[in-house]
């Protein structure tokens, strides 16, 4: 018998408690293990959600692990549950979509997947991760909208979604993130308004929403409730309206960055209450009114950038009390009054930029207290008086731009104290006195421009010490003495222009040591002696101009070694001897002018080996003799030939092959024989042929005689002929009466027949005038005028593509029918005013590499045909807007087209006599050749400037819709400046990829108004924005030139010659600036989005120096507005 002992009650309770505890532990363990397993599964699933294998750095992610806590980039909680609290992946190229099962991570506090090429949309499930404190998904390729479910995250402190492709609005639900401190959503494609609900987040310290070009509306007044806000960045958006007064409540605000937007109204004086403000960036807006003096209370402000607004009035003295300021930029406004003397209190000031205002008075000497000043730019104002010698105390000064003012007196010797000076431009002032020798002791000086002053004295011998010089321009002064031999020490000099002075003595041999020289202009001085043989060592020289001096001796044979030379101008000197045959080796020569010398001998045949000689060959006013060599016909591209006032003899048959000649002068020689029966000779006037007694035209025994005996003989012949003429007159009158009756009958017949035939081929003989050597006939052309060959229609006619029997393809423009007189000499002289006569008159007289080649014309009663070279790539308009591959039109090609078109238009305006106004510049009238070279075409509305009715109203609208200059609407006047405006519109079209009136431009704005409002890199064609920084810089500088061209005031627009010069120097200036800055701040090859970066704002700065048509700005302002490292420091991209 067994006895069962009873269990005590206390022990039974203990066993029961243990059992419950064990059950709970097991349940928790199983639950925790299950959660960890789910997280492992979720991470592995995400890692393999792409077809590409995951990066090797994720090899430690083992799907067999029970939890991911030991995996790279993963952090778990310290408790026993081992749940993921952090996912931190930065700068690893994942190329994965956003984690689809993000809600699996219930304890996640920090989600950082930045700069990993994360794709897809942000899942709304992210709002279920209620523990999240930090979300950083910046610098990826995310698309779609920002999930409104983020508003559920009450613990969220940082939300960084910047630099993605997010669209849609900023969700108002973000206002429910009551713990949010940093909101960074800049550089996306967000739109609509900034939610006023953000004003509910009292913890907010940073709002950065810039770079969203469609973000619009006003800055909400409620932002003033975010009392902890330190950064407000809304740059490069469409934010409009006024700055809210409530911003003055933000006492902790450190950076206000709302540049390149559509802000208007006045700067609120309440900003003076933001006592912690460090950066105030409001440039490139439409702000108006005066600068509030209350800003003077901002003792912590370091940078105040307000350039390119409409601010006016005096600059308050109180600004000088902001002792922390290191950068002030008030350029491109309408400030008046003087430079405040209180600026002398700004001991930390590094940059003071006041360019392009209406500032008067003198430069305060007290600015010398600003000992840290690096840039001082006061150009394009009305500043007068002396340059204070105290400026020389600024030891850190790099750049001093004071051009286009009213400065007077001497350049102070004390400027030599600016030991770090790199660029000094004081052009277009009233400076006198001599050049300070100390300037040439500055070992960092690269550019010295003193154009158009009244500087006298000699060039100091110390010039040889300034070995850093790249550009030296002393044009149009009163400098005397000799050119110092020490100039030969300037090994970096590429541009030397000493023209229009009173220099004397020889051209120094030592100048040949400047091996980098590309341009040497010593013209319009009184230099004597020989031209140095050693100039041949300047193998990079492109322009050599020593005209209008007193140089003697022979032209050196060694000039033939200058293989890069394209312009050689030796005119108006006393050179003797023969023309060296070695010049034939200068194969790049386009212009050769040896006129007005004492050159003798024959014309060397070797000159005719220069195939590029297409602008001019001028050998006039010399003592050349002999025959014209037959080989001269090889210069088939030559436009101007002047061999007048020599002793040349023989016949002129050799000249008949020069089919492209526009101007020919053979007067005052000893030519004989008949004039060739070619176009250029038929167009010569008497003054261009006179003085050749033996020269005759076919059908006459003598044509150009001028001695008295021959004139007496002519009088006798004339008397005899007069008697015969009277006898014939009676007979002819009777015949004409009969013919008159027949003509009336015939006219009625023709009118009736004309209604049945557009061409009237059977009624009127076709007239054919070729301007080139053509291998086809009118009949060949007419056969091609069928509907299937039409390639375009315009306001002046239809354009056909025509293939000739010899497989040559040409373009034929058939002008719209209009009955006009036959274009015989009589009607030409009377000035027919239709598109045919205008275009023939214009195109037949010009030659330029960027103007479409006019082959010839043919016409009859009412059909008029113009023939051109056919352009295989069509027009610029079709390239930009009608082809799917527009993005493949790279910057190099676009720049080439812009520059070439400018050069062609400059030729029309400045090199044609008389000047020619195109009147219809547009993208469709710029044709594109096989190598993407541009050609200006369609002169259907062209008028010559000296036409009597040129400036009066025209019955035909001059120009095309979208391109017409604004002054035409009220004055109906067309000038060269009208062409400049139209060209500016074309440049905007090329840069933006948009048409002048484009449906994609918001609010129906014209491209000009749109660009002026945006004025940022955002206007650049999307296909170009990813180009290297150096190219983007060139685009923005080109945009600055375009803004000059579209100035609403015609007088303030540059000439096309200046435009072409500016564009030509953009690349060159950038290269030189890299030398100046040591590649500081401008040699980066890329842009890391989201970091402080100066690219776009530096480009904005370029525009402000493009406001003057001064020739000096192209040599300095373009460079120093865009490449200075100091400038870069004050253009942060705080979006």
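Positions of Cβ are set from backbone N, Cα and C atoms, glycine also.
When 521, 873 are compared with the annotations in Swiss-Prot, the one labelled N-linked glycosylation site turns out to be 521.
Among the candidates 358, 775, the residue that Swiss-Prot annotates as N-linked glycosylation site is 358. Residues 208-211 are the range that Swiss-Prot records as motif 'Small peptide recognition', among 200-203, 204-207, 208-211.
Residue with Swiss-Prot feature N-linked glycosylation site, selected from 465, 755: 465. Range 447-451 is the one annotated as motif 'Small peptide recognition', of 437-441, 442-446, 447-451 (source: Swiss-Prot). Helix, strand and coil counts from DSSP across the repeat 'LRR 20' (587-610) read 5 helix, 7 strand, 12 coil. In the three-state DSSP scheme, residue 345 (N-linked glycosylation site) falls into the helix class. With a threshold of 8 Å between CB atoms, the same-chain residues lying at least 6 positions outside the repeat 'LRR 20' (587-610) that come near it are 547, 555, 563-581, 616-629, 631-635, 642-643, 648. Each of the glycosylation sites 117, 465, 618 was scored by the other Cβ atoms within 10 Å of its Cβ; the lowest score goes to 117. Looking just at the repeat 'LRR 11' (372-395), the mean pLDDT is 96. Residue 521 (N-linked glycosylation site) sits 44 Å from residue 345 (N-linked glycosylation site), taking the Cα positions as reference. Under the DSSP three-state reduction, residue 465 (N-linked glycosylation site) is assigned to helix. In sequence order, 248, 249, 251, 294, 297 are the residues near residue 273 (N-linked glycosylation site), counting only same-chain partners six or more apart with C-beta under 8 A. Counting other Cβ atoms within 10 Å of each Cβ, the glycosylation sites 101, 358, 521, 524 show the lowest value at 358. Of all the glycosylation sites listed here (345, 369, 598), it is 598 whose C-beta has the fewest other C-beta atoms within 10 angstroms.
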